[in-house]
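Taken from Swiss-Prot as is:
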- 9-16, 57-61, 119-122: GTP 1 binding site (BINDING)
- 185-192, 232-236, 297-300: GTP 2 binding site (BINDING)
- 3-167: domain 'EngA-type G 1' (DOMAIN)
- 179-352: domain 'EngA-type G 2' (DOMAIN)
- 353-437: domain 'KH-like' (DOMAIN)
Amino acid sequence: MLPLVALVGRPNVGKSTIFNALTRTRDALVHDQPGVTRDRNYGVCRLDEDNHFLVVDTGGIAGEDEGLAGATTRQARAAAAEADLILFVVDAREGTSALDDEILAWLRKLSRPTLLLINKIDGTDEDSVRSEFARYGFGEMLTVSAAHRQGLDDLLDEVIQRLPEEGSGEELDNDPNRIRIAFVGRPNVGKSTLVNRILGEERMIASDVPGTTRDSIAVDLERDGREYRLIDTAGLRRRSRVDEVVEKFSVVKTMQSIEQCQVAVLMLDATEGVTDQDATVLGAVLDAGRALVIAINKWDGLTEYQREQAETMLSLKLGFVPWAESVRISAKHGSGLRELFRAVHRAHESANKTFTTSEVNKALEVAYETNPPPTIRGHVSKLRYVHPAGANPPTFIVHGTRLKELQESYKRYLENFFRKRFKLIGTPVSFIFREGTNPYEGKKNVLTERQVKAKRRLMKHVKGK
């Protein structure tokens, strides 16, 4: 277990900038707008082979107990309660505030080791700033400018001295056997509620307010002997509706999470059916070529008649991805979770299935004999051989002639044939078609001296007859 350092403070004092500087990443969203961070975000600060510690970025504590602000405060308090060291971050330019006073009073009740970290020191009179914050009674005050990486070395030296060798933090590992699952969907379909239900704790802020989740938060989980990484993402909307700069950053984070996951769980709201926004999210998953499971949330709230109507609508709107399994769930009450994870396993296994060249060529031969390509302008495309070219999604390269003339309907036929033959569930199948070139095209055959003599003897023999 790694030591854990928590960044705590009011909104917009630069906690996320400090987090990015310490972890040397851009994992935390940073913007001048207060309240960008809401959920806890964990990262690792790696100084050298021997000195690692976890850092947790928290949302700004705004002094409110209700709504989103209250939920953000509870997340920050949960992070502070489990930390081995708390960095109480304040703003050098704005000085002390009543909210800082409240936060400090609460931190002192925790009885956790705490350092005062004064950020945004650049462009200020440091002596005056120290004098103002001296009333907080810290024996050591650290000053930094995280945006300019000023003072970070002194901060790290102080942190290392105060941390225990073993801590309470658990690092996200790089276990290749851990299944990475991204929960995606439009805003307010229940992604955070579902992740919290799976984890059995309020790890993510769940609210009826659309756009509550702004960052992509990853949490490791062991369930029934299997290892997972759950990634809660911000809701995606059509580009024409994305206005705020913060939301645009959130969209980028979500797209990155889709690219990096192994299985995407697309969440739909059963009470609203499949909307244009849902189609936008589904398109992003298909573009990334990721394995897909569709989770239809709030199914328990429908009457029998509404369920029949919903089933008809789903089959109509999702008919172009018949290979993706659909699971009916309730994120709020936890029903359908076992079926959801079974579908995730099937999709993951199919997406990472390995193939031999001989078996895929046999499949291509059977597919070709069963249904040859149609004749186009007197010519037929020839499929000569195929070989596997990768996984997630399963990819096959087909070599032949006149493949540019191959119709899309025949390409879909090959996809469906391979999917059925190899029992591929929940994953797209990709085919790459390459036309072979004749290496002797344009070259004149030059005979050797021996071949020339043999040709002359043959010609004499023919003429002699």
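Placement of Cβ uses the backbone N, Cα and C atoms for every residue, glycine included.
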The mean pLDDT across the domain 'EngA-type G 1' (3-167) is 80
Taking DSSP H, G, I as helix and E, B as strand, the domain 'KH-like' (353-437) contains 31 helix, 26 strand, 28 coil
Taking only the CA atoms, the spacing between GLY9 (GTP 1 binding site) and GLY185 (GTP 2 binding site), expressed in whole angstrom, is 31
The correct three-state DSSP answer for ILE61 (GTP 1 binding site) is coil
By Cα geometry, the one of the binding-site residues (ASN12, LYS15, THR58, ILE61, ILE121) nearest THR233 (GTP 2 binding site) is THR58
Cβ atoms other than its own within 10 Å of the Cβ of ILE61 (GTP 1 binding site), all chains, total 23
If you measure between the CA atoms of LYS15 (GTP 1 binding site) and LYS191 (GTP 2 binding site) and round to the nearest Å, you get 25
Whole-number Å distance separating the Cα atoms of LYS191 (GTP 2 binding site) and THR58 (GTP 1 binding site) is 20
Binding-site residues GLY185, ASN188, TRP299 vs ASN12 (GTP 1 binding site), shortest C-alpha separation belongs to ASN188
Neighbour count check, CB within 10 A, over binding-site residues ASN12, THR233; minimum at ASN12
Note: among binding-site residues THR58, ASN188, least Cβ-dense neighbourhood at 10 Å is ASN188
